[in-house]
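K.L.:
Before we start, here is the structure in question, set down as structure tokens.
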Amino acid sequence: MAIINMSALDLQGKRVLIREDLNVPVSNGVVTSDARLRASLPTIKLALEKGAAVMVMSHLGRPTEGEYNSEFSMQPVVDYLEKALDCPVRLAKDYLDGVEANVGEVVVFENVRFNVGEKKNDEALAKKLAALCDVYVMDAFGTAHRAQASTHGVGLYAPVACAGPLLAGELEALGKAMDNPARPLVAIVGGSKVSTKLTVLESLSGIVDQLVVGGGIANTFIAAAGHNVGKSLYEADLIDEAKRLVANAQSRGGDIPVPTDVVVASEFSPTASATLKAVDQVADEDMIFDIGPDSAEALAEILKNAGTIVWNGPVGVFEFDQFGEGTKRIAQAIADSSAFSIAGGGDTLAAVDKYDIADKVSYISTGGGAFLEFLEGKELPAVAMLESRGE
């Protein structure tokens, strides 16, 4: 279905309201990680170049809805954008009943979550936002899975609703990875719990050629294979589920490989002493914190031969270097692979940064929850809204 792309529109003299994901960490009034801000800059710059009066809105943190709280103010974002855009940028605190916006400047709305009804997608709030603009641009993939007033409702009532370049690029990359992927398609799903990623694992096991599990999730699969996991984080109640997923994958000619060697310790701490063990030698007091080098090499070989790689989640506690070798090897293998690769999710992006492979990954997704819901095959409300407005 055709979604209108902002890049194709004439915006000269138009009031353009862009919903970005500018939810960044702030400490003492200063932005401490600017990845999302950097990702939004090309869209804002393009709207300025096209001669628009640009308004930008986003949420930041989780304030109590309807209450102003300076801790969650957009002011640090305004300060950052003013330096990055080299044009006047100002904060609008009260904007719902009208706001002055001029060509050549950027007006940043105060945190949308200070508005009562934002999360519930309140119709009256959505209509007020829509009345502020000639063109509404949804560019926040990170919140595309939420039907809220600033991400969904406003687009139903704005004169024109379109996708910004960041969102359009995200959908194109995800489509390339999932709709018609170059085979073999390999997915790496890490993280601590099977329960939080069960639907993703279900969905992926039906379409990928090889599903690789890591982190705490892998421990449940190790237990399902009949091995002792000691005191490791795992979910005993999901062992049958893990067995079923493996059987499903194998019936399709795929597999969910279980590590053959693991790195264990007796405590979870930055100074814990790491010990390498065969997977069938794990003792009752051991905790598994990483895959071993043999397992990492086997996975690297799978990645080397892949046509498409989807990476969501590390395979070990990589924050501690002694348990980071598995994730480091996976990161290196993805960097070296000729496959189309897409990485998403907070921990994954931290690993991409730590091992300095950002320029070797084909596409880095800005979405966490939205990335997972896309992988699950769910319809994203904001995308559905844009499709309905594009017809």
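Cβ coordinates come from backbone N, Cα and C, glycine included.
Not my notes, these are from Swiss-Prot:
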| type | residues | note |
| --- | --- | --- |
| BINDING | Asp21, Leu22, Asn23, Arg36, His59, Leu60, Gly61, Arg62, Arg113, Arg146 | substrate binding site |
| BINDING | Lys197, Glu319, Gly345, Gly346, Asp347, Thr348 | ATP binding site |
K.L.:
Taking the binding-site residues one at a time (His59, Arg113), which has its Cβ surrounded by the most other Cβ atoms within 10 Å?
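P.N.:
Of the binding-site residues His59, Arg113, the most buried by Cβ count within 10 Å is His59.
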K.L.:
Let me make sure I understand the span of the ATP site: among Lys197, Glu319, Gly345, Gly346, Asp347, Thr348, what is the greatest distance between any two Cα atoms, in Å?
P.N.:
21
K.L.:
Using Glu319 (ATP binding site) as the reference point, find which of the binding-site residues Asn23, His59, Arg113 has the shortest Cα-to-Cα distance to it.
P.N.:
Asn23
K.L.:
What is the one among the binding-site residues Gly61, Gly345 whose Cβ has the most other Cβ atoms less than or equal to 10 Å away?
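P.N.:
Per the Cβ count within 10 Å, the most buried is Gly345.
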K.L.:
Give me the CA-CA distance between Gly61 (substrate binding site) and Gly346 (ATP binding site), in Å, as a whole number.
P.N.:
15
K.L.:
To see if you understand the setup: which same-chain residues, six or more apart in sequence, place their Cβ under 8 Å from that of Asp21 (substrate binding site)?
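P.N.:
For Asp21 (substrate binding site), the qualifying residues are Arg36, Ser40, Ser58, Asp139, Ala140, Phe141, Gly142, Thr143, Thr366, Gly367.
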K.L.:
Quiz question: given the binding-site residues Asn23, Thr348, which has the greatest number of C-beta atoms lying within 10 angstroms of its own C-beta?
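P.N.:
The most densely surrounded of these binding-site residues is Thr348.
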K.L.:
For a quick check of understanding: given the listed substrate-binding residues Asp21, Leu22, Asn23, Arg36, His59, Leu60, Gly61, Arg62, Arg113, Arg146, what is the maximum Cα-Cα distance in angstrom, as an integer?
P.N.:
18
K.L.:
Out of Asn23, His59, Arg113, which of these binding-site residues is nearest Lys197 (ATP binding site) by C-alpha distance?
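P.N.:
So, of the listed binding-site residues, the one sitting closest to Lys197 (ATP binding site) is Asn23.
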